[in-house]
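Engineer: Quick paste from TrEMBL:
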DOMAIN    4-145  domain 'Ketopantoate reductase N-terminal'
DOMAIN    177-318  domain 'Ketopantoate reductase C-terminal'
Amino acid sequence: MKMAVMGAGSLGTILGALLTKNGYKIDLIDVNAAHVKALNEKGAKIIGLLDLVQPVKALTPDEMTEPYDLIFYLTKSTQDESALPYVAKYLKPDGIVITGQNGMPEETLNEVIGKERVLGQITGWGATWIEPGVSKLTSEPDHMTYEIGEQNGEITDRLKQVAEILSKAGKPRMLTNLIGTRWSKWTSNCCFSGMSAVVAGTFGDVLDNPHAIRCSAHILNESMAIAKAAGVTPEPFQGDDYAALAFTTEKELEANIPGLKACVESHRNIRTGMLYDIEAGRYPEIDTTYNGVQCKLGAKYGVPTPVNQQVVDIVHQMAEGKLKIDPANVNLIKLPVLPKE
């Protein structure tokens with residue numbers, strides 16, 4: 001089986017290195033030529049909560065020549081327009097692409113690749129790209145999970161085959177309700193990646209800031225209200241039942257905050273990639289993957305999303321240089337007033 005990782009950035013570098021280490025031949029494909037050069041010359045260096053230097057084969061998209069049976073798609077959503085044509089061109093007619101992107105990416109891939117060739121992967125760990133050839137694992141290795149599924153919920157032979165491959169790089173679990181599990185992971189992303197950008201820090205900084213974690217709780221509440229309106233049944237993600245953390249009163253909010261904190265405690269070292277994008281002068285994925293999508297779906301289903309909208313507005317202003325990257329930005333968010341009980 002000929003395999004590739006398309007988008008060998010922070011996550012893709014680690015995935016490709018671990019699969020290579022465990023005997024799979026897999027190409028690491030990335031647009032960053034300096035990164036590709038370093039990977040080929042020095043190997044993939046993994047630091048942080050994993051210490052590994054692994055020789056790998058890497059190339060840029062324009063160096064692709066042969067079709068693939070399986071492509072792990074980890075490109076940022078802001079790069080879909082340039083990356084997906086390569087996937088479409090170099091995926092075998094009976095090949096499959098499994099998207100490990102955040103948000104709700106399947107529809108975009110369906111339009112280009114064809115729904116019958118697209119699987120979903122919910123990546124349950126985080127990493128940071130440090131420099132060419134170097135990626136930092138920021139989640140505990142025991143929490144490197146992959147929840148994968150067919151879009152129709154079937155447990156197919158090809159899904160089992162992908163699970164077997166991913167078992168060499170973490171803990172896979174096959175799903176019968178992909179969108180329900182995606183919804184919970186996406187909710188977590190909006191709660192903590194969005195707020196990580198606002199507080200200019202890590203998930204841990206969000207957890208430790210009383211106002212920030214309350215903002216995250218309200219983001220969760222808005223997301224679950226949208227799910228109900230859209231007819232989606234959220235499933236637990238990594239054993240955590242996000243739907244059970246919704247609330248209607250101040251008393252319920254306070255009671256649920258410890259549970260929300262527990263959901264991401266093992267990932268407190270993650271710093272959202274949106275901050276790195278802003279620092280590098282790139283536009284972040286706030287509109288295409290995170291809180292901006294919540295706002296669009298809220299408008300579609302008639303669900304107010306005031307806290308998500310404030311997060312979007314703040315991140316826009318940071319990206320446009322109208323606000324500094326400053327932890328104090330969290331104080332700009334005004335929360336809805338709830339009944340006490």
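Don't overthink the numbers, they just go from 1 along the chain as shown.
Just so it is clear, glycine is given a Cβ too, placed from its N, Cα and C backbone atoms.
TrEMBL does not curate its annotations; it predicts them automatically.
Remember, it's a predicted structure, so these values are computed and weren't measured experimentally.
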Engineer: If you average per-residue pLDDT over the domain 'Ketopantoate reductase N-terminal' (4-145), what number do you get?
Structural biologist: 97
Engineer: Tally of helix, strand and coil residues over the domain 'Ketopantoate reductase N-terminal' (4-145) according to DSSP?
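Structural biologist: When I sort the residues of the domain 'Ketopantoate reductase N-terminal' (4-145) into the three classes, I find 53 helix, 49 strand, 40 coil.
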Engineer: Residue counts in helix (H, G, I), strand (E, B) and coil for the domain 'Ketopantoate reductase C-terminal' (177-318), per DSSP?
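Structural biologist: Across the domain 'Ketopantoate reductase C-terminal' (177-318), DSSP assigns the residues as follows: 101 helix, 4 strand, 37 coil.
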